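According to Swiss-Prot, the protein has these features:
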- 1-11: topological domain 'Intravirion' (TOPO_DOM)
- 13-35: region 'Involved in apical transport and lipid raft association' (REGION)
- 35-466: topological domain 'Virion surface' (TOPO_DOM)
- 89-466: region 'Head of neuraminidase' (REGION)
- 116, 150, 275, 276, 292, 374: substrate binding site (BINDING)
- 293, 324: Ca(2+) binding site (BINDING)
- 409: active site, nucleophile (ACT_SITE)
């Protein structure tokens, strides 16, 4: 008896009394990736029916005039993604600039879209550059209103990372004035929020299908994180918030699987105001987020979400390096870690990404160089420790955007190499033309690579007067 791992296929073709036997043997093996067994699904292939118009031959008693054969092959399904150790490196370097409006003289399909709130998310095989467009291009006649955060024309769009977000290159995913996206290893999940301020709606798209919604719970600008959501083992976690920009705004997390919400997570702890979180995996067990408090403090609310228990807790970062803008002088806030201090009204989304190593963990952050304006962007790092209790200053690691250039929202993401993940930080560099002209953004990207010092800052190269 043949072993079960060997399949023998015998195909008999009879034509003119000639017998042909073809033997095909195939062996199956189990593949291991990150200690996770790959899953296989049976896929049937049926050979087509073929008519055999053969002449009668005297020494052939019977001729099969048709032949069919059903064969079953086992094909591997794409695997869910899990966080891995970071690729080796000790410093970030300038990786890429996407400055669409350097091509502002182009017209028609080659014209750059007017965008804001860019972010990047990566799957196993590609990264996508997302943004929220005003459904307008530059040059064009629809500049009025492109400085507004919310309107009926805004859409979540994407291009392959490295492409310029032009009319022709961009994929329009859904109507949205707030957005997120992530890849679970098998498919993309897209998140878009739009609707009136008092009754906004979260919409979820999985691949090409619109799959689920989530309604406003505080009736005050339901919104999401403006950066990538985070997936592990097929479950994707999305931060949302709903509430006043200058008062209470309590966040939640949605657990999403294949485009459908399967659980709501209600954080505990310091929950007064949490929005625009930038999140990533500290380990296979914990998602951490550095967020924005637009009402009470210049310290960042810091979330720890346990993906095994689906519980989350929020406390303020204790470091004397305050990461929001505007902010007071570093170290000037007295009292316990939960003290708000002054200059807490207003804020900005901040960059944050993990460097996972075998023996320690690095947490990289970005903040504007100006304490009062959205100008410049500097990189900081802290190895090990607990952001909730460590009061020491973060270590400065280089200037990504000088004080002469705009530094607005920033975000973190990870590029998947073959055996490790590359941590990166992206920076939104806004061309702020005021209310009378176009208002759009470039994106600067810095990634962990090599050693030494961060060498060079980024400029957009755009003159709005041209």
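Glycine is no exception: its Cβ is also placed from the backbone N, Cα and C atoms.
These numbers come from a predicted model, not from an experiment.
Features recorded in Swiss-Prot, as mapped to the structure shown.
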{"residue": "116", "record": "substrate binding site", "CB count, 10 Å": "23"}
{"residue": "150", "record": "substrate binding site", "CB count, 10 Å": "17"}
{"residue": "275", "record": "substrate binding site", "CB count, 10 Å": "26"}
{"residue": "276", "record": "substrate binding site", "CB count, 10 Å": "26"}
{"residue": "292", "record": "substrate binding site", "CB count, 10 Å": "26"}
{"residue": "293", "record": "Ca(2+) binding site", "CB count, 10 Å": "25"}
{"residue": "324", "record": "Ca(2+) binding site", "CB count, 10 Å": "26"}
{"residue": "374", "record": "substrate binding site", "CB count, 10 Å": "18"}
{"residue": "409", "record": "active site, nucleophile", "CB count, 10 Å": "26"}
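Residue 276 (substrate binding site) sits 10 Å from residue 409 (active site, nucleophile), taking the C-alpha atoms as the reference points.
In this structure the alpha carbons, written CA, of residue 293 (Ca(2+) binding site) and residue 275 (substrate binding site) are 6 Å apart. Taking the Cα of the residue listed as 'active site, nucleophile' as the reference point, the closest of the binding-site residues 150, 275, 374 is 374. When every Cα pair among 116, 150, 275, 276, 292, 374 is compared, the largest distance found for this substrate site is 20 Å. The secondary structure of residue 324 (Ca(2+) binding site), as reduced to three states from DSSP, is coil rather than helix or strand.
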